[in-house]
Amino acid sequence: MKLGVFELTDCGGCALNLLFLYDKLLDLLEFYEIAEFHMATSKKSREKIDVALVTGTVSTQRDLEVLRDARNRSEYLIALGTCATHGSVQGVIENSKEAYRRVYGNGKPPVKLLNPKPVTDYVPVDFAIPGCPYDKEEVFQVLIDIAKGIEPVAKDYPVCLECKLNEYECVLLKKRIPCLGPVTAGGCNAKCPSYGLGCIGCRGPSLDNNVPGMFEVLKEILPDEEIARKLRTFARW
């Protein structure tokens with residue numbers, strides 16, 4: 001099977017995270033031939049590919065062209081990382097041209113800017129793996145499942161469940177640390193709470209979340225505007 005990794009506008013962390021699979025990369029290479037991945041190879045091709053991993057937001061005209069090319073060439077497209085699935089931090093920008101002007105003045109942008117949007121706003125996506133960055137073990141298992149003809153299953157539970165399964169102390173109730181775990185999609189194995197930190201919501205909203213209830217709980221700890229800021233950082237709740 002042929003695998004392509006396509007990067008749009010982002011910090012580069014999601015593509016780099018794939019390389020941090022280390023020895024497991026060798027396991028993947030038993031199933032996949034890397035057709036395109038600029039962090040790992042200078043090879044580029046126009047051939048059809050079986051699986052495309054797309055990271056980043058669509059923020060420029062070039063991004064949109066790369067995304068459409070990846071979709072047209074691939075049988076199975078995965079939006080990888082919260083930029084691709086929800087828009088993430090840069091998705092907060094509602095007017096990219098105005099944001100550019102505030103930083104750089106009235107000069108002409110070097111590229112055609114678009115308001116940052118997730119991959120899912122532009123093309124059909126076969127599977128989505130959120131996270132900033134995503135859990136590399138999750139993407140490894142998804143790729144192995146696809147190679148074996150098994151349809152991957154999205155996580156449909158909140159981070160809170162993973163805290164319970166790992167028997168972590170609840171940082172929200174026990175330590176009064178702001179935590180979005182009750183309303184954030186699981187799949188990270190409760191990484192932040194495992195270090196005694198509150199979940200920052202980087203995987204976006206969970207199914208059947210109760211954001212109004214979460215807001216009321218957090219009001220006992222934070223002012224309203226700070227709660228709203230936390231909820232808007234990675235996804236549009």
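Heads up, the Cβ atoms here are built off N, Cα and C, so glycines get one too.
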Swiss-Prot [4Fe-4S] cluster 1 site partner of Cys11, Cys14, Cys83, selected from Cys132, Cys160
Cys132
Ten-angstrom check, please: count other Cβ atoms within 10 Å of the Cβ of Cys11 ([4Fe-4S] cluster 1 binding site), all chains counted.
16
Can you check which residues sit near Cys132 ([4Fe-4S] cluster 1 binding site), meaning Cβ under 8 Å from its Cβ, same chain, 6 or more apart in sequence, and list them in order?
Gly13, Gly81, Thr82, Cys83, Ser88, Val89, Cys202, Arg203, Phe234
Candidates Cys11, Cys160, Cys170 (binding-site residues) - the one closest to Cys188 ([3Fe-4S] cluster binding site) by CA:
Cys160
